[in-house]
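Engineer: Please find one structure pasted underneath; my questions will follow.
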Amino acid sequence: MNLHEYQAKQLFAEYGLPVPEGYACDTAQEAFEAAGRISTAKKVVKCQVHAGGRGKAGGVELHDTKEGVKEFAQKWLGKNLVTFQTDAKGQPVTKVLVEEASNIANELYLGAVVDRATRRIVFMASTEGGVDIEKIAEETPELIHQAAIDPLVGPQAFQGRELAFKLGLEGDQIKQFVKIFLGLGNMFAQYDLALLEINPLVVTAEGNLLCLDGKINIDSNAMYRQPKLREMHDPSQEDEREAHAAQWELNYVALDGSIGCMVNGAGLAMGTMDIVNLHGGQPANFLDVGGGATKERVTEAFKIILSDSNVKAVLVNIFGGIVRCDLIADGIIGAVEEVGVKVPVVVRLEGNNAPLGSQKLAESGLNIIAATSLTEAAEKVVAAAEGK
């Protein structure tokens with residue numbers, strides 16, 4: 001689950017990290033009043049969406065007057081912001097963040113992720129702030145400095161000092177950086193974060209550090225024990241089908257193709273998408289119904305796939321291990337009867353109760369195309385999507 005910038009900064013402030021004075025606003029009038037409370041001559045106003053590239057897309061502006069801030073809010077609230085990280089539709093803007101402008105002398109980068117190789121939280125810092133860190137990692141990886149956090153003792157001050165020295169910080173700036181580093185390290189563990197990023201972490205003209213931006217991603221598997229963060233969830237930033245799928249514990253990701261895929265197991269789902277591509281098709285989604293799929297969940301999965309108007313055919317690829325193929329068949333039959341499927345459906349069942357599942361499908365009287373191998377299933381669904 002992602003947080004908005006203003007939400008990330010709220011958490012930063014709770015841990016004593018320096019953030020600009022700012023206010024999240026739902027209306028243009030609120031933005032106007034917020035600008036009046038900010039003492040700096042210039043005000044920054046930012047669209048709040050779960051996507052990067054806001055500045056280049058016109059979603060971040062600097063204004064001298066309260067009226068300018070209000071006009072910006074009127075322009076964007078209720079509209080969609082399209083950036084290089086969104087689809088053509090963009091993300092809806094329901095809030096804008098109005099905050100004080102900062103005198104920036106230097107921009108740094110500070111972030112943290114869970115490193116699966118070392119099984120530790122790893123901090124990354126760089127003097128190249130304000131730019132795409134992936135690009136820096138690819139072109140000049142020597143500019144990225146790392147510190148791995150021992151889970152037994154947590155973040156240590158000496159690690160913060162080492163990073164500060166490598167970033168060229170001096171004097172009181174080192175103390176400020178260590179405080180930020182320790183705060184972020186503790187916050188990362190306490191809130192079950194998967195990713196944390198401050199880009200840029202700026203050095204102001206006065207020589208102080210300031211968290212000018214904030215990006216936080218929370219481990220969805222830990223949301224059950226993070227009620228505070230659950231309240232920060234913004235469903236407007238998610239694909240409606242993905243949000244609906246999550247309610248049924250289905251792993252669904254919308255894509256741009258025309259062949260709907262329903263598979264059990266993430267690895268098999270990716271392999272299915274690959275072989276569909278190999279035979280000239282384009283998957284419309286990734287959908288893993290999981291090992292504990294029930295008839296109801298399969299029916300719901302089918303509904304979600306068919307709610308995409310781009311879907312021209314559906315491929316169901318099930319390997320029965322924990323899940324029984326006959327239950328999958330019941331779900332397919334129920335969904336087809338309930339929804340009234342107008343597109344071809346290709347089904348490949350293997351494993352636990354596969355013969356019984358195939359028998360149920362054959363006796364249903366529905367227009368379902370059977371396949372006995374993954375290659376055959378891919379060939380048939382691609383042909384069906386093309387109307388052959």
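Cβ coordinates come from backbone N, Cα and C, glycine included.
Here's the feature list from Swiss-Prot:
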type    : residues                            : note
DOMAIN  : 9-244                               : domain 'ATP-grasp'
BINDING : K46, G53, R54, G55, E99, S102, E107 : ATP binding site
BINDING : N199, D213                          : Mg(2+) binding site
BINDING : N264, G321, I322, V323              : substrate binding site
Engineer: Neighbour count first, Cβ atoms within 10 Å, every protein chain included; then name which of I322, V323 tops the list of binding-site residues.
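Structural biologist: Of I322, V323, the one with the most crowded Cβ is V323.
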Engineer: Under 8 Å Cβ-Cβ from R54 (ATP binding site), six or more apart in the same chain: what's there?
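Structural biologist: When sequence neighbours closer than 6 are ignored, R54 (ATP binding site) has K46, C47, V60, L81, T83 within Cβ distance under 8 Å.
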Engineer: Given the binding-site residues N199, D213, N264, V323, state which is nearest to S102 (ATP binding site) when distance is taken between Cα atoms.
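Structural biologist: Minimum Cα distance from S102 (ATP binding site) across N199, D213, N264, V323 lands on D213.
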Engineer: What is the interatomic distance between the Cα atoms of N264 (substrate binding site) and N199 (Mg(2+) binding site), given in whole Å?
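Structural biologist: Here the two Cα atoms lie 38 Å apart.
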Engineer: For the domain 'ATP-grasp' (9-244), what is the mean per-residue pLDDT, to the nearest integer?
Structural biologist: 93
Engineer: With V323 (substrate binding site) as the reference Cα, tell me which of the binding-site residues G53, G55, N199 is the closest one.
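Structural biologist: Closest candidate to V323 (substrate binding site), judged by Cα separation, is G53.
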Engineer: Among the binding-site residues E99, E107, D213, which residue has the fewest other Cβ atoms within 10 Å of its own Cβ?
Structural biologist: E107
Engineer: In whole Å, how far is N199 (Mg(2+) binding site) from E107 (ATP binding site) when you measure between their Cα atoms?
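Structural biologist: If we compare the Cα positions of E107 (ATP binding site) and N199 (Mg(2+) binding site), the gap is 8 Å.
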